[in-house]
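Pulled from TrEMBL:
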type	residues	note
DOMAIN	B:79-299	domain 'ABC transmembrane type-1'
DOMAIN	B:383-571	domain 'ABC transmembrane type-1'
TRANSMEM	B:33-59	transmembrane segment
TRANSMEM	B:79-108	transmembrane segment
TRANSMEM	B:120-150	transmembrane segment
TRANSMEM	B:170-195	transmembrane segment
TRANSMEM	B:279-300	transmembrane segment
TRANSMEM	B:329-354	transmembrane segment
TRANSMEM	B:383-405	transmembrane segment
TRANSMEM	B:421-443	transmembrane segment
TRANSMEM	B:449-471	transmembrane segment
TRANSMEM	B:504-524	transmembrane segment
TRANSMEM	B:554-574	transmembrane segment
Amino acid sequence: MHASKFWQAATRYGFYCVAFCICLITSLSTFANSNAQNMSKDLVTRWKNIETLGNNQSVYFYAWGGDAQINAYIQWAAQQVKTKYNINLVHVKLSDTSEAVSRVLAEKSAHNNDQGSVDLVWINGANFATMSEHALLLKQWANKLPHFAYTDPANNPAVNFDFGIPTNGMEAPWGQASLTFYYDSIAINKQANNKLPTTLNELLNWSTQNPGRFSYPKPPDFLGMSFLKYALVVLHQQSSESIKVQLNQAATANNTAQVLTPLWDFLNKLHPTLWRGGTHFMQSGAQMRRLVDDTELSIAFTFSAPEVPAAVKRYDLPKSIRSYAMADGSLSNTHFVAIAYNASHPQSAQLVANFLLSPKAQAQKQKAHIWGDKSVLIQSRLTPEQQALFKTAKPHPSALPFNSIKRTLSEPHPSWVNAIMQGWQTRYGVSQ
Amino acid sequence: MSVVSNKVAASHGPHARKSHDMFSKIVKLSPRFLLVLLLLPVLGGLISVLLPAFGYAPALDQTTFGLQGFTMLWQTPGLVNMAMLSIGTGLISTLLAFIITLMILAAFFNSPWLNRIQRLLSPILVIPHAAAAIAVGFLIAPSGMISRIISPWLSGWELAPNGLFPHDSFGISIILGLTLKELPFLLLMALGVLAQPELGKKLRQQHKVALNLGYCPMTAFFKVILPSLYPLLRLPILAVLAYASASVEMPLILGPNTPPTLAVAIMHWFNDVDLNLRIKASAGALLQLALTGGLLALWLGGEKAIKVLFSDSLTNGVREYGGFYWQKLTVILTVLVIGFILLSLIALILWSVAGFWRFPNALPEQFTLLHFKSALMQMSNPLFNTLAIGLVTTVFAITVTLLCLESEQLSDKPISRFTSLIIYLPLLVPSIAFLFGLVWIQQWVNNQAAFFNVVFTHLLFVLPYVFLSLASSYRRLDPRFARVAASLGAAPCKVFFKVKLPQLFAPILIAAALGLAISFGQYLPTLLAGGGRIATITTEAVTLANGASRRTSAVYAIMQMALPLIGFILAWGLPKYFFKSARV
């Protein structure tokens with residue numbers, strides 16, 4: 001009797017309990033749901049606002065202007081945003097991105113906090129580190145762009161970190177690049193002492209056998225710096241984990257010598273074999289390309305692989321050029337667009353950044369004859385129609401063969417750029 | 001009838017007096033306006049560089065004065081090399097350009113060849129430094145035109161050899177480039193002086209007298225002409241010296257970079273990602289100022305020394321100093337210079353239409369108009385900017401110059417020595433020293449008016465040349481015309497517009513063409529003042545020279561030459577066309 005009563009009570013309470021729990025869960029989940037809906041609603045209204053405010057304006061896009069192909073792509077993008085939003089996208093052609101950094105800084109110092117001349121800027125690595133350190137960039141906008149979801153940010157850390165530094169929504173990813181080598185197949189004739197070098201060590205041997213046929217742009221040039229970083233990372237491939245870890249951390253007075261010594265040892269051996277005996281270095285990657293065309297150099301490298309076939313088509317490189325990736329790894333990174341904190345047209349700049357992230361713009365950019373810059377979008381996040389935009393045509397003989405990058409090397413912490421540059425300057429900056 | 005005449009009288013009387021007053025007032029004020037226009041930006045710019053040099057840079061949160069900028073500067077590895085390279089290339093190239101100018105003048109004085117040489121060299125004047133540097137670099141590079149002509153049949157080179165030029169550590173390539181570029185400028189300046197009717201006539205007669213007295217032509221030139229000619233050439237020479245010691249384009253393209261010249265290093269520091277380098281850059285700009293100032297002083301001192309050392313030889317009666325051999329040497333030098341320039345122009349044109357062109361072929365494998373097509377497609381906006389800025393700047397510069405020169409004649413005394421020195425200030429102060437400061441000020445005063453800022457900055461460089469070009473013609477106008485007109489009751493305004501300006505039609509057009517050419521060629525001022533927003537043919541050309549293909553650069557360089565050339569052809573042709581009927 002007691003027992004049955006007890007069970008009755010227990011069942012009743014249990015029933016209440018379950019009912020309560022169900023109620024609780026449902027209400028909680030509706031609450032959470034509505035919260036998520038509110039969130040995305042906020043985002044949608046935010047974007048609606050931007051769309052209304054951003055139309056019919058000018059956007060000054062500060063971007064490196066040294067490549068005709070890239071310039072033409074930016075012109076195409078300008079036409080697109082003109083028809084789409086009536087935005088007048090002006091490409092301000094820089095010879096070095098740091099010019100834009102200087103400009104924003106000069107404006108900040110002149111207390112020009114909302115009428116800045118830089119709206120959008122093409123940036124990554126050390127320039128980004130400087131701008132974010134001096135609070136020169138607009139924050140928390142890039143991760144709210146509608147097209148940002150296509151980059152699968154949850155599973156793709158590359159779009160949220162720039163050389164290991166969190167972007168905090170200050171940059172929208174634009175493309176990906178890997179260090180690619182190219183050579184003159186007439187000059188490298190596969191004889192015993194003239195075989196194509198595919199590792200850093202082979203490169204040193206090859207350059208010793210063929211003096212004056214290889215060099216790299218003088219730091220702080222971006223490409224020259226990239227070669228030094230590639231060498232640094234490769235030289236540490238066999239090092240202990242404790243040293244390897246240092247590469248992803250800031251350079252300090254304590255670890256600099258230890259990490260960089262192998263690089264200096266390597267360069268001491270390499271430099272006497274270089275073009276001009278290592279006493280003069282070219283200014284830029286484009287100058288290096290010109291020296292290959294002049295047959296002064298036989299091996300060179302670039303961070304934008306498609307520029308090689310494009311240059312051959314424009315007659316800027318001989319037909320005998322072939323591209324390849326180093327077997328010991330290719331340094332890879334993502335590049336971004338950012339908005340200056342004092343941009344005159346921040347909303348319009350966001351519209352442009354969002355357009356640059358669209359499948360249409362990314363697919364156009366990835367085409368080898370347009371620019372050939374690798375897309376930052378993740379295919380699985382796209383609809384089949386969007387994926388179809390990325391289908392490719394038959395590659396040019398000078399282009400990097402498909403899937404030849406077997407191993408990517410990630411960029412060391414940006415502070416190493418400065419450490420390498422200063423060490424380089426004191427060791428090799430003054431030749432006597 | 002009477003109504004009409006009344007109306008005419010009314011409109012003539014008070015109105016004329018009023019405009020006369022207005023005009024005189026404007027004219028009277030114009031020299032002061034000119035002073036403010038030139039002094040403020042240059043001095044303001046210098047101060048804005050001075051403050052950061054001594055550690056005051058609010059932008060970098062540094063507001064205490066100190067010497068850390070200079071400490072950083074002294075610790076720069078290779079600073080002495082940079083300074084020596086700047087001094088050496090500046091001084092030697094100026095000396096060479098000056099000496100060759102004198103030799104050409106001396107050897108061909110009073111000969112028709114002088115005019116022919118002038119015609120051959122004057123187009124060089126309008127080639128921007130960057131384009132000239134590219135052309136020179138292509139000739140002397142290991143894969144350059146000279147090397148291609150002798151390969152492989154003579155040299156056996158199948159690939160370009162390991163070479164020394166350009167970028168040699170002694171700066172020989174820079175010296176070569178600067179000399180070739182400044183030589184035509186000095187020669188044209190000298191010929192301009194000799195073209196003044198009275199002075200030229202007097203000098204030519206004196207030269208003839210010396211020849212009759214048995215002096216060899218070259219000796220006669222150095223003993224009779226040079227002492228009268230040199231004082232009028234001094235300012236252009238000093239401007240060349242100042243420019244050569246602090247220029248950026250030539251050393252950037254032709255010079256060594258371990259280390260580069262001081263000016264190039266300063267530019268890199270200013271543009272460096274590490275913003276604290278700004279302080280060092282400002283200190284460096286001051287060092288550059290001191291270097292250039294020292295060079296100018298050295299030159300003036302050298303002048304004095306030569307005057308003392310050689311004053312006896314003017315009157316020692318020696319007729320001949322191996323004139324024959326000097327003459328031959330000059331001919332060889334002139335042929336070399338002109339040959340060099342022609343070869344580089346041919347190379348430039350070949351590059352602009354070249355398909356594949358592998359070393360050691362002396363000619364391209366195929367020709368194509370692709371580079372012209374793709375360049376022209378992207379050129380419309382920069383072209384419009386170039387022309388608009390050039391025209392606005394030039395018209396303004398000519399107006400101010402004419403008013404200042406008129407004020408000289410109205411008040412009947414030449415503008416003060418101080419004013420005439422200030423006019424050349426922007427040419428004597430290294431632009432890298434004050435431009436960064438000037439931009440700082442422009443940022444602060446009006447940030448959005450990029451076009452205005454560019455025009456204003458161009459004016460600093462256009463005005464001196466326009467003044468230089470117009471002053472002599474204006475001052476040698478026969479004053480009797482004006483006096484006759486005034487005595488017939490014409491107001492100063494009317495005399496100015498109806499009597500003086502028509503007589504000056506040809507010189508004004510030449511000054512306009514020169515002003516346009518100077519404006520077209522500006523790189524650093526356009527880039528800095530416009531904040532990079534204003535693209536001109538020249539800024540595009542330098543960006544491309546730094547980046548893309550030699551073929552596209554060649555197209556831009558050709559455009560850069562074509563624009564000012566069109567200006568000069570118009571300036572030479574229009575007066576002939578307009579005054580043909582008058583002469584007949």
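Every residue gets a Cβ built from N, Cα and C, even glycine.
Contact between the transmembrane segment (B:33-59) and the transmembrane segment (B:504-524) is not supported, since fewer than 3 Cβ pairs fall under 8 Å when only residues 6 or more apart in sequence are counted. Contact between the transmembrane segment (B:79-108) and the transmembrane segment (B:449-471) is absent: fewer than three CB pairs lie under 8 Å, with pairs separated by 6 or more positions in sequence. Contact check: the transmembrane segment (B:279-300) against the transmembrane segment (B:421-443) gives at least three Cβ pairs closer than 8 Å, residues 6 or more apart, which meets the contact criterion.
Within the chain carrying the transmembrane segment (B:504-524), a Cβ under 8 angstroms from the stretch's Cβ atoms is held by residues 125-126, 128-130, 248-249, 386, 389-391, 393-395, 397-398, 401-402, 431-432, 435, 457-458, 461-462, 465-466, 469-470, 473-474, 477, 536-539, 542, 560, 563-564, 567-568, 570-572, 574-575, 578-579, all 6 or more beyond its ends.
Between the transmembrane segment (B:449-471) and the transmembrane segment (B:554-574) there are fewer than 3 Cβ pairs closer than 8 Å, counting only residues 6 or more apart in sequence, so the two stretches are not in contact. The stretches the transmembrane segment (B:554-574) and the transmembrane segment (B:170-195) are not in mutual contact, being linked by fewer than three Cβ pairs under 8 Å (pairs 6 or more apart in sequence).
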